[in-house]
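*Asks:* Okay, handing you the structure first.
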Amino acid sequence: MIVYILKILDASSLERFASVNRKARVVSLDVSIWRKLAKETYKPPQIPVLPDGSSSLEYLSKQYLYDYRRLYIEHPRIRLDGVYIAVCHYIRPGLSENSWVNVNHLITYHRYLRFFPNGQVISLLTNEEQSPAHVIPLLKPTLRGLKGLLFGNWHLSGNTVVLSNLIDASSRSLTYIDFSSPTSVAHLLSQITMLIAMVMVMAMLPIRQYLRSEKTTNKLRTPESRMPIDGQNAQRTISSEGFQTSDGTLYVSKPFKSKSSKKLRALITFAPRHSTFDINNEKSVANEFRGFFSLFWISIFIFTVRTYVRSIETNGHALNLAFATMFSKDAITLALSDAVLVGSTSICVVFAKAISAGWIRYYWTGLAMQHIFQTTVLIMAVGWTFNRQWPWVQSGFFTLHSLVMIMKMHSYMTVNGYLQWVSEQSQAILDQLREATNSEGGWDHAVRVAKEHRAELDAASAIGSSHSSGTSPMDTPPIPDGVQASYVDPDTAEALRKRLASMSDANGVVEADTKNVVDSLNDPNTYKKTDEHIPSATAPHPLIDHPNENISNLAKDYSELQGELVSTGPLYIVWPNNITFKNFAVYMLIPTLVYELEYPRTNRIRPIYVFEKTVATFGTFVLLYTVTESFILPYTPTYDQSFFRSLLDLALPFMMAYLLLFYIIFECICNAFAELSCFADRQFYEDWWNSTSQAEFSRKWNKPVHSFLLRHVYASTMTSHKLSKQSAMFVTFLLSACIHELVMVVVTKKFRFYLFALQLIQIPLIALNSVPFIKRSKLLGNLMFWVGLYAGFPLLCVAYVAY
C-alpha cells in the first residue's frame with residue numbers, strides 16, 4: 001500500500017518522505033516507483049525517437065544497468081513545470097552634449113522560454129518594464145498579440161535543447177498551428193527568421209547548471225514564484241552587475257579596445273561599500289522606503305520645535321543648560337587625558353619594529369608583553385576616571401575611547417606578530433625548496449624546467465580555444481568616482497571571472513573578501529626576479545609549475561605564505577614595510593578596529609561631504625541633547641517610584657536617544673573620519689532594524705566591533721584553543737558582557753551586574769530564536785527583537801539608578 005501511494009508522488013515529495021527515517025529510505029528505493037517516474041518523464045521530446053519509431057528509454061535503462069533512480073537523477077531533462085527566464089543586458093551608446101563625456105545606456109530585457117510535453121515551446125521577449133510576475137501567468141498556448149512572441153518546437157539532444165520552427169505569433173489574427181502537419185511546417189518554414197537556437201541546459205539533481213549564453217543568465221520560475229530544482233534551492237544566478245565580496249563589489253568588464261591602442265584589454269574595478277543611510281548609496285536611494293527616512297527627520301524637527309515652544313511658554317527658555325554645564329565640566333583635562341591616551345598607542349609601532357627585526361619573538365614572549373601593556377592601559381584609564389571624579393558623561397566617553405584604542409592596538413600588534421611568524425615559516429619553506437632543487441640541477445635549472453613545463457601546459461590548453469572574433473568596444477568603459485580600477489589582459493580577466501563565478505552563491509555573493517579572491521592584479525613583468533618572489537593570483541612562484549611534485553608543493557606553500565605578506569593593492573605593501581609611524585597614524589584615523597596591510601581607498605577627500613557630516617553631527621547632537629534634557633533627566637527614576645511607570649515614561653525617550661546616538665556615531669562620525677582618511681569600505685552597520693534575533697542584531701548594528709570580536713576573539717579561540725563553535729560563542733559573549741559591565745561600573749560607580757546578566761541571557765534567546773516556529777515567522781522574530789530593545793534601555797536605567 002505504501003509503495004502504491006509513493007508511486008503517485010513526484011520526485012521532490014518522494015525524497016522528502018525518504019528523509020524521515022531509514023525504513024522510509026529503504027521503501028522509497030523500490031524499483032517500481034522509479035521505473036514509473038522514469039517512464040513518465042523520459043519520453044519524446046525528452047529523449048530521441050529510434051528509427052523504428054519506438055522510444056529510446058530501454059536503451060537508456062541498459063546504460064544505467066536498469067537503475068531507474070540513478071537514471072532519473074543523472075540523465076539530463078527539461079523541467080516542464082516552470083518557466084525559464086534569461087535576464088539579458090547590453091550597452092547602447094547614447095548622445096552627449098559634452099564631447100568629454102561618453103553616455104552609455106545599460107539596456108535590460110527578459111527572454112522567457114516555456115516548454116510543453118507535446119514538444120511545443122513558447123518564446124517571449126519583453127523589456128524590463130514588464131515584470132516576470134505579470135508575464136509568467138500569460139505564457140499559455142492561447143497567448144497572442146504580444147510583441148516578441150514566438151511559437152516553435154523543441155527536443156533534447158544530449159545536453160542541448162534544440163529549438164526549431166519558430167514563428168512570430170505577435171499578430172492577434174494568428175491561429176493555432178499544428179506542428180505535426182506538413183502543411184503547417186511548410187508555412188512556418190516560409191516565415192522563419194531564426195532557424196535554430198541552442199541553449200545549454202542541465203536541470204538535474206544534484207548538479208545545478210543553468211541556461212546560459214554570453215550575455216544572459218537564466219532563472220527557473222513558476223507562475224507564482226521561483227521553482228526549486230527537485231526539492232533543492234533555486235538555481236544559482238550570477239549577477240551581471242558584479243560580484244559582491246565581504247568588503248565591496250568586484251566588476252570584470254568585457255575585453256575592449258581604447259582609442260589610443262588596438263590591443264585588447266579588460267577593466268577590473270572595485271566599488272567599496274557605503275553605509276545604508278549615505279546619500280551616495282545607490283541602493284538606499286532606490287529603496288522603496290526611502291521616504292520614511294525623510295519623514296522621520298521632518299517629524300523629529302517638528303517635535304523638537306514643539307518642545308522648544310512649550311518650554312519657552314512654561315519656563316521662559318527653550319532649554320535648560322544645566323546638563324550642558326555638567327558634561328562640559330573639566331573639559332580641558334579630559335581633552336589632555338584623551339590626547340595622552342591616543343599618543344601612548346604609538347608604542348605599538350616600536351613593539352612591531354622590534355618584532356620585525358627579530359629582537360622579540362611574538363609567540364609567546366611578544367604576546368605576553370602585548371597583553372600586559374593592554375591591561376596596564378585599561379587599569380590606568382579606569383583608575384584615572386575614578387581619580388578625577390568625572391560625571392557619568394565624561395567617565396563613559398573616556399572609558400569607551402580607551403576600550404576602542406585598546407582594540408585597535410590589539411589588532412595592530414596581533415596582525416604584525418602573526419605576519420612575523422608567517423615570514424619565518426615562509427623562509428623555512430624557501431630553505432627546503434632550495435635543498436629540493438639541488439637534486440634537480442640547482443635553482444636556476446629548476447626554474448628553467450618549471451617555465452618550460454608551464455609553456456607546455458599553456459600550449460596544450462590553448463588547442464581548440466580562441467578569442468571571440470566579434471567586434472569589441474572601441475572605447476574605455478567609464479570609471480565611477482570612488483572606485484579602484486586596474487587594467488589587465490583578456491585572459492586574466494576571463495580567469496578572474498570564472499573564479500568569481502565558481503565561488504559565488506545564488507545571489508552572486510562571494511563569501512570571502514577581495515584579498516581571498518584575487519591577491520593582486522599587477523603585471524607579472526614588474527615583479528623582482530629574486531628568490532623571495534612575491535606571488536599573486538596571476539603570478540605565483542615559478543617553481544609551482546615544476547614537474548617534480550615535491551618541489552611544486554613546496555612552491556605552492558611558499559606562495560601562499562608570501563601572499564599573506566602582501567596587501568591587495570593598488571600599493572601592494574609588503575610586510576614589514578608597513579611598520580611606520582605614518583602607516584600607524586592613518587590606521588588610527590580610519591574608523592575600523594581590525595588592522596590590514598592596506599585598505600580600500602578613495603581617490604580624494606570631498607570637502608562638501610565632510611561639511612555635510614559635520615553639520616549632521618552637531619545638528620543631531622542638538623536633537624539628542626533636547627531629548628535627554630526634556631524627556632529623560634526629568635523622569636530619572638527613584639527607589640520609591642513605581643517601577644512600571646518609570647519603564648513607561650522612559651521607553652520612548654530612550655529609544656529616540658538610542659537612534660539619534662546610533663546615527664551620530666555610525667553614520668556621521670564614522671563616515672566623516674572615513675572621508676578624511678580616504679577609507680572606502682563604509683559599511684559600519686547593516687539593516688539591524690530588520691533583525692529577527694539577538695544574534696542577527698549583534699552582527700549588524702556595530703560592524704567594526706563585530707569584525708573585531710569575530711576575528712580576534714571568536715575565530716582566534718577556535719584556532720588557538722581548539723574550541724567548538726558553541727564554546728567560542730560563549731567566550732565571545734562572556735568577554736562582551738564583562739566589557740559592557742565595566743563601562744556601567746565606571747559610569748554608575750556601582751557593582752550590580754544587571755547588564756552582564758542581560759548580555760549572557762542573549763545566548764538562550766539565540767537558541768530560542770532557532771525554534772522552527774519562531775524561525776519561520778520573520779514578523780514574530782522582528783517583533784520580539786523590538787520589544788526586547790524597547791524594554792532593555794529603560795530597564796537598565798531604572799535598575800542601575802534606583803536600585
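Including glycine, each Cβ sits where the backbone N, Cα and C put it.
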*Asks:* Which is it, of 570-591, 614-635, that TrEMBL names as transmembrane segment?
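*Replies:* Matching range for transmembrane segment: 614-635.
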*Asks:* Looking only at the domain 'F-box protein Hrt3/FBXO9 C-terminal' (60-127), what are its DSSP counts of helix, strand and coil residues?
*Replies:* 11 helix, 31 strand, 26 coil
*Asks:* Would you say the transmembrane segment (362-384) and the transmembrane segment (390-407) are in contact under the rule of three or more C-beta pairs closer than 8 Å, pairs 6 or more apart in sequence?
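*Replies:* Checked: the transmembrane segment (390-407) vs the transmembrane segment (362-384), in contact.
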*Asks:* Counting only residues 6+ away from its ends, which parts of the chain sit with a Cβ under 8 Å from the transmembrane segment (362-384)?
*Replies:* 337, 341, 344, 347, 351, 355, 398-399, 402-403, 405-406, 409-410, 413-414, 416-418, 420-421, 742, 746
*Asks:* Under 8 Å between C-beta atoms and at least six residues away from its ends: which parts of the chain pack against the transmembrane segment (753-771)?
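*Replies:* Sequence-distant neighbours of the transmembrane segment (753-771): 692-695, 698, 729-730, 733-734, 736-738, 740-741, 744, 781, 784, 788, 792, 796, 799-800.
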